Structure formats: structure tokens, C-alpha cells
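Swiss-Prot has this to say about the protein:
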ACT_SITE  Asp152  active site, proton donor/acceptor
BINDING   Asn10, Glu388  Mg(2+) binding site
BINDING   Lys17, His212, Leu213, Gly214, Asn215, Gly216, Asp286, Met287, Arg288, Gly334, Val335, Gly336, Glu337, Asn338  ATP binding site
BINDING   Arg95  substrate binding site
REGION    40-61  region 'Disordered'
SITE      His184  site 'Transition state stabilizer'
SITE      Arg245  site 'Transition state stabilizer'
Amino acid sequence: MEPHRVLVLNSGSSSVKYQLLDMRDRSRLASGLVERIGEETSRLAHTPSAGGGAEPRERTGRIPDHDAALKAAAEELAADGLGLDSPELAAIGHRVVHGGLRFSAPTVITDEVLEEIERLVPVAPLHNPANITGIVTARALRPDLPQVAVFDTAFHTTMPEAAARYAIDVETADAHRIRRYGFHGTSHAYVSRKTAELLGRAPEDVNVIVLHLGNGASASAVAGGRCVDTSMGLTPLEGLVMGTRSGDIDPAVTFHLKRVAGMSADEIDVLLNQRSGLVGLCGDNDMRVIRRRIDEGDERAALAFDIYIHRLKKYIGAYTAVLGRVDAVAFTAGVGENAAPVREAAVAGLEELGMAVDASLNAVRSTEPRLISPEYARVAVAVVPTDEELEIAEQTFALVGDRGPRFGQVDN
């Protein structure tokens, strides 16, 4: 039997998420999360396939590092008869947040590739080090197995220079790799393709505005399956209002905080990335809590919601102009998939752009892709659940199976 399983790893600074998929039918065989790595309160939650007969289980107690975390996950998989030593395992696919301009496609990890990911740490200091740790640990566990990097930034490498460049001194920008890279690309790729499927059309024939709204949030303009603009930039701080991030802000605010408030660069970093956005505006970053507070008459929560929606509308309008013709707007991720009031408010008043939401369709809760716009609307408005793990597995299996990466090539 040919190897047909892919293990997907998403290594964070203090956590590891994993999923094992059978690529014959794209089914999940098991998934899990190891969190609070390095703390006394470390926790591993493992969920076997619903049809496998095994029960979800949990273990607690200190897991000192990522090596121990991945070994613990491997033990749980082995307990379900899904060990990493199985000949059915084809590859391990790794989420890597930043691939710069070199990596425009999923890439088999070699020593050279790993060195290049390490060279990108200065532009992704919060994410790439953890991704590297996961790769090194997995390679040590299965040195004989293909390991594939799937980059969050890859989908956005098709942006034209006019969208990707900042209007700053070119020599300075090039010397320090300062440009707009974009993030959440794996989600944007998956959702834009699924939106085309929902419309019964080929991705090459569809222009989509994808709104990935989670605690982190980003928008993208996708023309014929290729990203032509996205809201995040050099880092995930740019763009939409997010759970704890400010999104777009006048750069002079940082100078002002340094000169007037005496804040250091690190303090400003923490302010804009961890103490801003919805949590900075009203103290909460859970949209369900914010909506409940609004219903109770909380003015701060109402203002935070209005600012969030205002920014969303600006990007929908801007990307309508960028695309020229919009066939669909797709909401995805935690807030986009579950917060009907956000979807309704974001599209309200955009009838002149051909966009509208049907209240009854918008109220339906489902895990399937679905339209929520009325039949008369010129632009389809959709809810399309994202599946980044499946997309990583698809791209990994396509590469290892010698069917070629989904988009682009590695620019050597």
C-alpha cells in the first residue's frame, strides 16, 4: 500500500497543534493540542477519529519543551494504532508563518531551506522560531520522512509590486526586507477556492474578497485564484482591527509614544500587538461577550464594534476598487463563521456595490459553505469555513506525491 497519511504540525511558541489525515478520502484520523509547554500546568488534549472507537483523552503535568511535546503527541497517536513509524505515513507538513519572497510554494525542507527560514526570523520574531523548533524536532523523530513547509506568506507572493511595496526609500526597504508580505495565506487560498466551488465556477473565473476574521484578522483581494492585495503587511499588525492588535495606525503614533510617554520600542510593540484592537477599546476580545455587552447598553462595547465594522467596510470598498469586478465576499474563521451580527453590519449599506445579506440565511448555523445573500444581489455573500490543516495536508501530499505544488515555484 502506498503511503497516504499526512501529519500536520502547527508549532507555536508554547504550543503544538497536530492533525493526522488520510489523504485517500481527506478524513481526520486524530487531532490534538499540547499547550503551555514549559510550564507546570502543561496540557495535552487528544481527539481520535469519531468513528474509531477511542475516546478523547487528556493528560496534564509539565511538558518541558517542544521535543517532549511532539513525543507525547506521537505516543497518543501510537495508542490509537497511528504511530509515526507507520509505513502509511507519507510526510509531515509544517505551518511556517513567514517564507519571505523566496518561497512561493510548499517546499520540501532541506538544510538549506531551514537556514533560509532561520534568516527570516528578524521579520517574524514571534512565529518563525517556534516553527523552526517544530521542524527540527520532527526531523529528529523521523529523519527518513519528507518534511514539507507550507508558508502563510506564499499565497500573497503574487501581489503586484504596487500593492506589496511601501512608499519609503527603496534602498532602505530592500536592505531590511521591508515590504508587505501578508499572512493567513493558507486560509485565504483554501477559502477563495471553496468559494468558487460554491458558485459552481472555476477559481480562475472568480474574483473574491476573503475576510478571515478570528482573533487575528485579515482581508484579501483574490482575482482568478491569485492574491492581488491583502491587509496584513510586513507583520500581522497591519490592516483590520483585531482582537488585541490595532491594525492600521498612523506610524507617527509610535514616535509620539516614545517622545511624549517615554515608551520603549518593546513597550510600544506590546501595546499595539497585545493591548490594542477590541481588547484595548473595550477590555474584551470575544465577539460574543462584546455583543452581549452591547445588548445590555454598554457604550464602550458598542463603540469598539462600530470601529471594527468601519474598518471592515473600508477594506471591502477598497478591494472592490482593486478588483474592479467582485463575484463574492466570503466570511471565514471564528468570528467570520459564527458572528452573524458582524456579517450583517459589514455588508449593511453596500447595496450600491451589489452586496446584501438575507437575515434568515445569515441566521442559519452550519459547518458547510453557504450563501447568505438574497437571490437579487449582484455579489454573492458567503460563509465558508476555513480548514488550514486540510490545505496544508493537500499541499504537502501534492508535493510529495510528485503532483507539483498548487501555486508558484521556489525562486532561487
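Yeah, the Cβs are placed from backbone N, Cα and C, and that goes for glycine too.
Structure with Swiss-Prot features highlighted.
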residue : record                             : DSSP (3 states)
Lys17   : ATP binding site                   : strand
Asp152  : active site, proton donor/acceptor : coil
His184  : site 'Transition state stabilizer' : coil
Leu213  : ATP binding site                   : strand
Arg245  : site 'Transition state stabilizer' : coil
Asp286  : ATP binding site                   : coil
Val335  : ATP binding site                   : helix
Glu388  : Mg(2+) binding site                : helix
Would you list the DSSP helix, strand and coil counts for the residues of the region 'Disordered' (40-61)? 0 helix, 10 strand, 12 coil
Same chain, 6+ residues apart, C-beta under 8 Å of the C-beta of Lys17 (ATP binding site), given in sequence order: Leu9, Asn10, Ser31, Gly32, Leu33, Val34, Glu389
If you count the other CB atoms within 10 A of the CB of Val335 (ATP binding site), including all protein chains displayed, you should get 24
Could you state the CA-to-CA distance between Arg288 (ATP binding site) and His184 (site 'Transition state stabilizer') to the nearest Å? 23
To the nearest whole angstrom, state the Cα distance for the pair Asp286 (ATP binding site) and Arg95 (substrate binding site). 25
Would you kindly give the Cα-Cα distance separating Arg245 (site 'Transition state stabilizer') and Asp152 (active site, proton donor/acceptor), rounded to the nearest Å? 18
Those binding-site residues from Leu213, Asn215, Val335, Glu337, Glu388 that fall inside 10 A of the residue listed as 'substrate binding site' by CA distance are Glu388
Glu337 (ATP binding site) and His184 (site 'Transition state stabilizer'), Cα-Cα, nearest whole angstrom: 15
Across the listed ATP-binding residues, Lys17, His212, Leu213, Gly214, Asn215, Gly216, Asp286, Met287, Arg288, Gly334, Val335, Gly336, Glu337, Asn338, what is the farthest Cα to Cα distance, given in whole Å? 25
Sequence gap of 6 or more, Cβ distance under 8 Å: name the residues on the same chain that satisfy this around Leu213 (ATP binding site), in order along the sequence. Leu240, Leu312, Phe331, Thr332, Ala333, Gly334, Val335, Gly336, Ala339, Val342
Fewest neighbouring Cβ atoms within 10 Å: which of the recorded positions Asp152, Asp286, Glu337, Glu388? Asp286
Among Asn10, Asn215, the one of these binding-site residues whose Cβ has the fewest neighbouring Cβ atoms within 10 Å: Asn215
In whole Å, how far is Glu388 (Mg(2+) binding site) from Glu337 (ATP binding site) when you measure between their Cα atoms? 14
Chain-internal residues near Arg245 (site 'Transition state stabilizer'), provided their CB is under 8 angstroms and they sit 6+ positions away: Gly216, Pro236, Leu237, Leu272, Asn273, Ser276, Gly277
